[in-house]
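*Asks:* Sharing the features that Swiss-Prot gives for it:
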TRANSIT   1-46  transit peptide
BINDING   154, 192, 195, 280  Fe cation 1 binding site
BINDING   192, 245, 280, 283  Fe cation 2 binding site
């Protein structure tokens, strides 16, 4: 139920009011969610001199109170005491996080995974490209669309690096800071940069994609940016990034299995996706360690940050993705990923479950406030709730007997794919 409607309900009951079903109310975004706002004509009151506008005013007061409370909590994460926790962690980052970066000389490069004329020579390069195109021809369009979504996500790296540099106490303020935090961000970004490069290069060589349209999608996504909520809080930023690193590792790993020897036989693409997935797992380990350390140092604030991020749902950073035509493209991409098996609701649930176990959330007790205990319990119970929601959604879909629709995707020369939208 919409937040404002929930807040207004107890007061409405006391005044013997009921919703006016003949009236509609606009919706807007509140605290990161779509919320139905109550207009003065939304409620009909009997046996009371109180008007609908009074109820609307009371609901607005409740919303304002919630907003003030939430703003105050977010400000607490930027207090000197909280930021000092991150500052004090720097020697630990030097010892336990920076070693997860590989030396440049030992790191793979895109040319290691795809045909390289410097190694193969002219004729060998052309022969290798012909073989790559032959294998790529067997990959179905559904997986190609999911591959574009994965690649566009990786190519929006400038957005992610700038977001991390805005995080208090850890950002690279000069662009060349010598702190352990700043060196981690730059090193992580340098390794991530290869992911979009190698996927882009494969797609170009395969001949299966309209690269101009794909490149425009990347351009649009970087231009649109990414609103981080809450902004600048290191606690929330690291929870989000830990989740995202595992999610991308899962998506690339699933893609590798689906297109590989046991799937559609594209060994080159399977190798590319598998290599990227391994990188993402290593990066996930870094961010997971950071959150674990925060939970040790400040368990109450840490677990409340985890709960806040999960309550809102951890959306993929490609949510503003656009092909310049469809307003619902992201919903289509999410549904296609579910159909293809590259990233599913079950994957999301498994990620939550894994992180809850990795961070030993269930064991948190000492130092927790009442709110902290409620946050802990919410996080621990969430995987089961997600599974129940998935089951109910499936039951509703079966009852509704919805049929998939066929839509053209300009990334693959407007070939049609079937998608089942919610």
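Sequential numbering from 1, following the chain as shown.
Placement of Cβ uses the backbone N, Cα and C atoms for every residue, glycine included.
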*Asks:* Whose Cβ lies within 8 Å of the mean position of the Cβ atoms of 154, 192, 195, 280, the Fe cation 1 site, other than those residues?
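*Replies:* Leaving out the recorded residues gives 153, 157, 191, 193, 194, 196, 248, 252, 276, 279, 283.
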*Asks:* Out of 154, 192, 280, which of the binding-site residues has the smallest number of neighbouring Cβ atoms within 10 Å?
*Replies:* 192
*Asks:* Tell me which of the binding-site residues 195, 283 sits in the most Cβ-dense spot, judged by other Cβ atoms within 10 Å.
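*Replies:* Per the Cβ count, the most surrounded site is 195.
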*Asks:* Go through the binding-site residues 154, 195, 280 and tell me which ones have a CA within 10 A of the CA of residue 245 (Fe cation 2 binding site).
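*Replies:* Checking each Cα against residue 245 (Fe cation 2 binding site), the hits are 280.
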*Asks:* Using C-alpha atoms only, work out the spacing between residue 195 (Fe cation 1 binding site) and residue 283 (Fe cation 2 binding site) and round it to an integer in Å.
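*Replies:* Cα of residue 195 (Fe cation 1 binding site) to Cα of residue 283 (Fe cation 2 binding site) measures 13 Å after rounding.
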*Asks:* Any idea what the Cα distance is from residue 192 (Fe cation 1 binding site) over to residue 283 (Fe cation 2 binding site), rounded to a whole Å?
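*Replies:* Taking the Cα atoms only, residue 192 (Fe cation 1 binding site) lies 9 Å from residue 283 (Fe cation 2 binding site).
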